[in-house]
């Protein structure tokens, strides 16, 4: 059974009977009440004792009793229950016998009070019962829920999941969610990377123990991919959630779907969330801390993707925990006790630990306790008990009934009330007195005379309608009952507020700043509130792009509009409000600026190079239009460009213009901009596209060249003419050519505007023969001109012989130098543009050989990147644009042994006088490596490399920056592996030369030694 109390009383508090100013202690009053205890089962063997605290004060001194689950406990000798004052001590704990609800009863001769309930629960977490779980098979793109099913436990749990193996935990995001209510893992859309084993990890937040469930395999089905579908909300919250004042509530919401749904939260009434609300874990959890009345309402979780939307709603209802009540004698009381449960709970009431006796004044209906005409005997501790067959829950409060003489100390009349002429005023008179007595009023020293404007209300308050200046004065409220008399005074002041600024019209220009004044005369004791409206809409200062700023200070409402824009023109209203009256004034603001965009742009007539335009003017924004500018755009232009018109300047009184110097057969859009003395405005919308008429082409192709190709071919190339310069449809090229020295031209048409190449083939063409070539243009409107004549050579023949005297030698384990004798250079027939080397190792085939080329008449080159101790075969060929010639005779060469693979180790350095001495261990080459002939010492901060054939070097002390040093061995096979980097810190300049004292300081630094034994290079 779930029982939730929602009634207006709570914990026990101090009990007082108050008559006049006399306070007499009577019933017991709790000073300390027991609190609930959660006890870890794992500690039972180590420490098996708990203590519930209970203390009360009263006269006589209270005695104590305790109840467990409603049954009284008897702490007898030998029992595991014992009392120490009011504290209940339980030793030799037994989780089956001692778990339950405890209450402390404090009593004396004046009555009995019952404490709040305190529970004793035992926290534990058992292991999962099952050791194996069936695999879950899903399609890619489908959503899935993996159940945790936590084992038996007591105490709050924390859930997490392991993916495959520890310590890889599932990270929550928009696609994956772990419910802390059920422990289940939700994957909105399964991806191939999700395949694996999933293990639920359960942690008891009290005992801190942790257990792991059996792994659940997730596998992909092979029968296709899941299509897209709308969100399906799997994690929901209850329809109604009661939330106590000041507590924290968490709502969970998550949906499956493809694509992955987004989760958003909102209140149904549209009220935005306050800053304290936390939406975490990719919006899967909504957390509201410190819950208050204004947080109550219906909350909605919205899951949405491209396929649709789904929602779930729940109502958060607010209730206050019970509170103590203090009432006056003869007053009435109604306490409501609410609880929910299945079956529906019944209610009963108790007073001072005993069932309440009902009478004519005391009635109970549907859980509501009503007491009329309260007396001092009604003072005491009350309990509401709600129960059904599953059990009972209690809620307690204290009722204090008091009788006092009239007292204004906590509710004085306002010392001064400000009233406007013609206004209404209510002066409240609310003394504290019990029973209620008689209220009367005085003005000055005379009893107040009531009239049709002045009246004393039934509740004692004074009401004045349609106030006049004669109503000002000192008013006194007198309260009387059988215990005494009291009074309180209030001064009524009647004064108006006046705005001294006169209504006006202001005229400003775009970009300027202007101050709108709002000056007032007012009673200095009144607090002013200035509010501004723009076209009857409230101005929110700090928004609106920062244009509006308050500059009037405390007693004036002036505002400044900075960098004013056209949209700021309109009516501004300053409203001034005090506690007693309000008044307003309006200012009209005219903003002058550049003209608005022209409208209705039309192309009236168009030729091959001209267009006639018309338009309508836009708003002049309070400054006459002085000129228009025409701009055009084509598919080939970079944005909008200004165009030439006739006449060159289009005056502000004209609404037509003729544009000239357009390109033929091009689609144009036009727009118009208006200008005035303030500036140029925004452009009009573009006109509809209009194409100029076609004409014969005027531009010939650029960069006519050619050459190369196959035997008996003449290859001619050019850059195509851009589309915007083709002047019409059916554009093509005319290629004319002739042998150099001939008189007649041969011609060929190329009917493609995109063509950039023409090849003429004839067996009579000799290799590398010169031709005169020119390229012309045409379209459907006619032929255009030819371009300039250029000379192009026909295809040449590949070299006819191979190089001779080819030699090769190994320079190192990775380099081979190749030399040969150059072929004779024949510029007219078989040119040599360079040489091509082919090389392959003994274990490779010649058709897989690597290729390296040289350029020009070079007769040697170095091949890099070959393997050490390897035999290579090498051949050389000459080449030109026609291809490669026959190969030379093949030569072979064997590369040197590889360089040493071991880096220098045991590198150490120290200082001596003004030098650094660097030492290292000698590197010994392996059997298949070339011998070490020396070492290279590279200092990163300096460009030079030192070479030495010993295992030490001397360096100057570093004074400007740190030394970063590496050492490499080398031999005939090349450079070997490098040592690790060694950093030697810089020494300040004076220490490099040093005196004796400075040398001793330096020697102290020399005790550092760096030793490296790594056997691989960095």
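Note: Cβ is positioned from N, Cα and C throughout, glycine not excepted.
When the ranges 609-642, 643-676, 677-710 are checked against TrEMBL, the one recorded as region 'Disordered' is 677-710. Counted with DSSP, the domain 'Ig-like' (126-212) comes out as 3 helix, 34 strand, 50 coil. Tertiary neighbourhood of the compositional bias 'Polar residues' (686-698): same-chain residues 601-603, 606-609, 611, 613, 633, 662-671, 721, 725-729, 731, 777-785, selected by CB-CB distance under 8 Å and a gap of 6+ residues from either end. Each residue in the domain 'Fibronectin type-III' (802-898) gets a DSSP state, and the totals come to 3 helix, 47 strand, 47 coil. If you take every residue in the domain 'Ig-like' (28-121) and average the pLDDT, you get 85.
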